[in-house]
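Remarks on the structure that follows.
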Amino acid sequence: MRQKTLDVLEFEKIKSLVANETISDLGLEKVNQMMPATNFETVVFQMEETDEIAQIYNKHRLPSLSGLSKVSAFIHRADIGGVLNVSELNLIKRLIQVQNQFKTFYNQLVEEDEGVKYPILDDKMNQLPVLTDLFHQINETCDTYDLYDNASYELQGIRSKISSTNQRIRQNLDRIVKSQANQKKLSDAIVTVRNERNVIPVKAEYRQDFNGIVHDQSASGQTLYIEPSSVVEMNNQISRLRHDEAIEKERVLTQLTGYVAADKDALLVAEQVMGQLDFLIAKARYSRSIKGTKPIFKEERTVYLPKAYHPLLNRETVVANTIEFMEDIETVIITGPNTGGKTVTLKTLGLIIVMAQSGLLIPTLDGSQLSVFKNVYCDIGDEQSIEQSLSTFSSHMTNIVEILKHADKHSLVLFDELGAGTDPSEGAALAMSILDHVRKIGSLVMATTHYPELKAYSYNREGVMNASVEFDVDTLSPTYKLLMGVPGRSNAFDISKKLGLSLNIINKAKTMIGTDEKEINEMIESLERNYKRVETQRLELDRLVKEAEQVHDDLSKQYQQFQNYEKSLIEEAKEKANQKIKAATKEADDIIKDLRQLREQKGADVKEHELIDKKKRLDDHYEAKSIKQNVQKQKYDKIVAGDEVKVLSYGQKGEVLEIVNDEEAIVQMGIIKMKLPIEDLEKKQKEKVKPTKMVTRQNRQTIKTELDLRGYRYEDALIELDQYLDQAVLSNYEQVYIIHGKGTGALQKGVQQHLKKHKSVSDFRGGMPSEGGFGVTVATLK
């Protein structure tokens, strides 16, 4: 279809509303590509797709598509030998996770809605590949940010060495900073980090007392950050280990990327299917917002839109109208007052057809019928071009000439105020001639006009119908109701009377018009009354038929469910009975066998108590079943994070780290962390651990997230600020508040200049009114 038509009908606004309902860039891309189809089979299939998903969306809670993203670029990069990072691998993992959740949802849906078929969704679910191995390979190797320590044996060893070396460095430096002899020589008794090296803050005047490397100094120059020589080699060792760690991480990521490349075709299919589902769900969401319904498409030319309304207008205030081209009608001419809704009716018809052929449910009552148009042509509104210096009439006529060149029997043509902008008699003649030409071409036409000559046009030609927009004489305003089959009538006398014009003048005016025109107006008035009555009856009949069909469908469904339930009960009862008979027969055979053995061993001397013992074995059999059921119950006890559990499928103990959802949990078994079904876990009582004496060393005091420098001299304030920032970094604070007061602003300026240069500060800002305003600076730490 022509882009100009889509622009006039504001289809881009509809696309924008659908786009707002998408979750991923995959769905958004498909919305941006959405265009009306013109092939009958394609149009029908697109509508079936949307309607099926809309039915499911309206009845069920769909799985979340959050986190779904386009990953084809990563897949192609993996295929040509690139190495994916952890973030990219996680997006691929999320794609697999989303598709698996949708598969699970669909399987449950099929079980719950027994007898209901979803052929389109079923086909999409069958297209989804099995990517379980790749999911586990990524999931068990990395989290959201980094590789797990146990991603490889080598990586675990390297990180273990880094940890132990760091611990030895800390112990060494702790001895230095806790030494009584060094207390006065240190700016603070802490260990900090500069240039990725562990250092201690030494007062500048005691530099010669510490053998080591100076890595940094405070802004005031009074504190030097020294790496003691006793830890230099250990820090060097950590640097080497970090290098080894990077190499091993690259190796593991290369291996994972290879797995992705091996599954590239399957991943691209998964991306395409999930993107299409996001697109269809967005259509379903938008359709529900406009209470959209599914039209029936027919090969023969048909337009029937019961109670249609323009989807971009306010649903609460817009007047819905039935728009219909009755059998053998090819042209509809709408007359009525200006601003009465004629143009909106044209746009409603055009936009609904464009929406329907794009696979969107349409804003009408159930039962709408449409044919598929190859093109929709519009001449709507004043498109006068100032640059071309065209008049309103010339502008419209230029557009009409272009339409007449391309319109055919597969087209819908919409003319707004046909023939307007020139002499009324010439304009009316042109309008009738243009309509004759379009009818000869075979296009379906709806036109609006205010020329009275066109009212009689339909009575002289076959296939032409009049319509009008209603005017309320009592309120002197249009009602925006469309009356199909009823031409517009003049309301001049009624309006004049309502406004207070003398009856003598009105009566004299009536004598000046012909008898025929009087009779025509009276006939039109009678037609209006009859149309309203028939339309009300037809809507009521449609409602009753729809109600009856729904009741029939519900009863059929319930009857089918009852038959299925009855069948399943009978099968279940037979199975239970067969199991009991089988068990009893086996037990009886065992008892007889044992009795025979006893008789052979003891002759006929079989005691009563021995028979009782054998009989008791049947009772024992049922008790064993009871015990088994108790164990089964125990397995389903509520499990929470921190619980000790037995993993039944592995026979191993583990600890629950996190409850993912109602069905899955993350469990640590030794050095292995796995996501497992909760039904596979059996809760265990934690063993009571004997209390052990703990020796705690406090390396630093707990600090607040704010530092109050009010009352400090400038130099002292900066020294205090330096020490505070070091402690805040070691406490892993992300944000701290420096209170300097307002005063002259000198301290505030000094603090902010100091923060600007400080290596531990990534950013800072003035405080919000709720935080202290200009008297506070908020610093964000690296």
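These residue numbers are counts, starting from 1, taken along the chain as shown.
For all residues, glycine too, the Cβ spot is worked out from N, Cα and C.
Now, the feature entries from Swiss-Prot:
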BINDING   GLY336, PRO337, ASN338, THR339, GLY340, GLY341, LYS342, THR343  ATP binding site
DOMAIN    707-782  domain 'Smr'
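Overlay of Swiss-Prot annotations on the structure.
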| residue | record | CB count, 10 Å |
| --- | --- | --- |
| GLY336 | ATP binding site | 27 |
| GLY341 | ATP binding site | 23 |
| LYS342 | ATP binding site | 26 |
| THR343 | ATP binding site | 17 |
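In the three-state DSSP classification, GLY341 (ATP binding site) falls within coil. Helix, strand and coil residue tallies for the domain 'Smr' (707-782), in that order: 35 helix, 19 strand, 22 coil [DSSP]. In the three-state DSSP assignment, the secondary structure recorded for GLY336 (ATP binding site) is coil.
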